[in-house]
Amino acid sequence: QSHVTSSLDGIIIPGGESTTISLFLKRNNMVEPLKKWIEDRNHVTWGTCAGMIILAKQNENQKIGGQPTLGVMDTDVSRNFFGRQVNSFEADISLSDSFLKVCPGEKTFHGVFIRAPAVVQTFSPKVEVLASLKRADMSEPVIVAVQQDNVMATAFHPELTEDVRWHQYFIERVYKNKQAMTGT
């Protein structure tokens, strides 16, 4: 590990184009070092939108030839679940009780979904659903935020709203993880 990564307590893998992020990680020989950094549980990782895809063990609707992922969350994520760029939307999502315990407030969050993915399946009881979306055109709610151990992922872009609760949640997890690691 480099001095830079050893001094980090948390990292956010941003939204954007998941194929581009995957290729960047692969071409720069960062897939395995980043995966190891996340899996050592001394750090907290948050993936937003494309970051959710990068963190998943399995992805649906990949481009031909697939793309490397970090595979650190026991989830199956569907790329572009809600459609193409033109189908981007904003909607209120339902927050879990465990999220609200850390970040009290409204039971919903106004999410911005830009060519967004969604979790279509979880493979482990360790995966906790933090938020779901129910739209009139869907028969069942869709999972749009999850956490597993020291990793969390959101299908939407919290940074595009004025509601800072998701950032607060991440910072709180980083703080608690740091306390657990240092015993303070």
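Yeah, the Cβs are placed from backbone N, Cα and C, and that goes for glycine too.
The L-glutamine binding site feature in TrEMBL is assigned to G16, E17, S18, R79, I114, R115. For I114 (L-glutamine binding site), other Cβ atoms within 10 Å of its Cβ number 18.
Less than 8 angstroms from the CB of C49 (active site, nucleophile) sit P14, G15, G16, I114, R115, A116, P117, T154, A155, F156, H157, each of them six or more residues away in the same chain. Feature annotation from TrEMBL assigns active site, nucleophile to C49.
Marked as active site, charge relay system by TrEMBL: H157 (among others).
All protein chains included, E159 (active site, charge relay system) registers 14 other Cβ atoms within 10 Å of its own Cβ. TrEMBL lists E159 (among others) with the feature active site, charge relay system.
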Additional residues surrounding L-glutamine, by Cβ distance to the G16, E17, S18, R79, I114, R115 centre under 8 Å: G15, C49, A50, I53, N80, A116, P117
R79 (L-glutamine binding site) to E159 (active site, charge relay system) - Cα separation in whole Å: 20
